[in-house]
Amino acid sequence: MLLRSRGLVLVCGLLTVILFCYWAGRTPEYVGPRYGHGPYNHNQKHGWPVKTSLWRQDQDDNYYWNTVKVNYPHSAFQPLPTSPPVTYPKVQATFPEFSISTAELRRERQQAVKATFTRCWNSYRKHAWMADELSPVSAGQANPFGGWAATLVDSLDTLWIMDMHQEFYEAVDAVDKIDFTATDLKEVNIFETTIRYLGGFLAAFELSEDMRLLRKAVQVGEMIYKAFDTPNHMPVLRWNFHAAGEGKNQIAGAGVLVAEIGSLCIELTRLSQLTGDAKWFDASQTIMDLLAAQQDSTMLPGQWPLIVDAKSQIFNQGSVFTLGAMADSVYEYLPKMAALTGGQLPVYQTMYEKAMDAALEHNFFRPMTPENKDILISGQIHAKDKGGKIQLELESQGQHLVCFLGGMLALGGRLFNRQQDVDTAVKLTNGCIYTYEAFPHGIMPETFYMVPCDSKEHCPWDKKLWKEGVLKQAKIKEGEAAQADAIIKDEHLPGGFTHIPDRRYILRPEAIESVFMMYRVTGENEYTEHAWTMFKSIEEATKTELANTAVWDVTVTEEKPRAVDSMESFWMGETLKYFYLIFSDPELISLDEYVFNTEAHPLRRLVA
């Protein structure tokens, strides 16, 4: 009996050793720690560059995009900065230990968000696996982003953050087979490819340290880099994939969106940091240097026009200035690049401060509301040259997309000790919360107009002025109150709102993004309550049998808005991630350790 017991012990011991060796052998490739501190971080002080032997394979030299003819080779690359990182102030608030009841409530809410994500994930897996998007009503699929499984890649880090590791590794096995040398699209959107695919792979690698993900990031990076093969090395942003693959000459566009050309730096810089190859940093930093050089010479100094000329490298000619759609992330990435690089590039703080000083003076307006709310909305500026004198006119349009600003200003305010930015962030975020609450389903529409107050300090409600604003938006010059009342009724306008051009809600993340950021920065619990109200409203209005869908009109009073049958990848990659994180341990993806790209993919900061 004793011999049998010893034999059993020996067998168990041997199995333990074998299993340990097996998993130890897998560690550099497959196994990552909970918060991202792991094997590669011990190689160098800051964990990068990652040893090439850990991720590179012999066949990588023959990767398709490495073999395509280069028409305009570089003579030299701008190197990555090597100066020591600066010591930035703490971004996150100090959180006390939660009471038992509070912790239980937070966990219940967190798990409710996870349940929604899991339902969406399972439906995507069943009905649209490897497609870009699930059609959440019809169980169909769509491929607007190259057919490279955008939802899958966008969701990788969310899976990890939500402790869905079995699903994560199944997903990594799948994305490892994505072929970035083929697509049915004629034109590839370089901006979207960068933020979704490159950002998604980099963040998933940061968290899990699965080397396959860094390898895929490099594959995407090589493809993106080919779009920079132009005479002036400015990227072709709506890129003819197949012509480029044939080695044909290409040239940057003369009219491109400033957000698309100015929002590649976070992902490309991080790829250079992790691989030690400076070419990606050089490519994006060249653009940012041009933006910096021309920032003071625009019609609204401190900001760049909506449309810029990449072909001629002219970034200061144009008359429309906004921090909203088509410009947003060029501003968002200024404080985030400072955080990512640990302040090694002071130009980003300078650019941020100039842009926000201009926005504080010109773009942000207080809307007139029945409750006299002290809130701010970010509008659009139209500049006109009147005999050599520039006149600036505010267009008081609000956008769901521009709701990211509260979070951005909170981050910049903390990093650069600008308390006025944090104070402004509170009012901008409250403006988005107010707009959610103003509509019957508790959800903000895509775009809307309000009456701007003459003063940000004092703005009493004036019903007559509101109705005049309604008539003005309807282009009725001398209408009567009855006409305004009819428009208000027909268009379902809440008090203070004068027009709603786009009534959709497309599962956007920007409002919860800023609510999450404000919670992490201030520690104020009211933001978690707002987040929960928002989540319940969105879930109720958008839930389908399979997942969640964009809806056509959030102003209707019917029980449920009509479905669009669309679920963009950012629903699972951004919106649900922020909802989950606000109810999680504040140290999970701490803002003092990570910075989010514009697709909510967390990348590790360089810290002193």
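Each Cβ is built from the backbone N, Cα and C atoms, and glycine gets one as well.
Predicted, not measured: the structure shown is a model, and the values here were computed from it.
Disulfide connectivity taken from TrEMBL links CYS403 to one of CYS432, CYS453, namely CYS432. It is 10 Å from the Cα atom of GLU510 (active site) to that of THR598 (Ca(2+) binding site). Of all the recorded positions in the list GLU192, CYS403, CYS432, the shortest Cα-Cα distance to THR598 (Ca(2+) binding site) is found for GLU192.
Long-range Cβ contacts of ASP328 (active site) within its own chain (separation 6+, distance under 8 Å): ALA259, LEU401, VAL402, PHE404, THR598. Taking all protein chains in view, 30 other C-beta atoms sit within 10 angstroms of the C-beta of CYS432 (disulfide bond).
Around the Cβ of GLU192 (active site, proton donor), 17 further Cβ atoms fall within 10 Å across all displayed protein chains.
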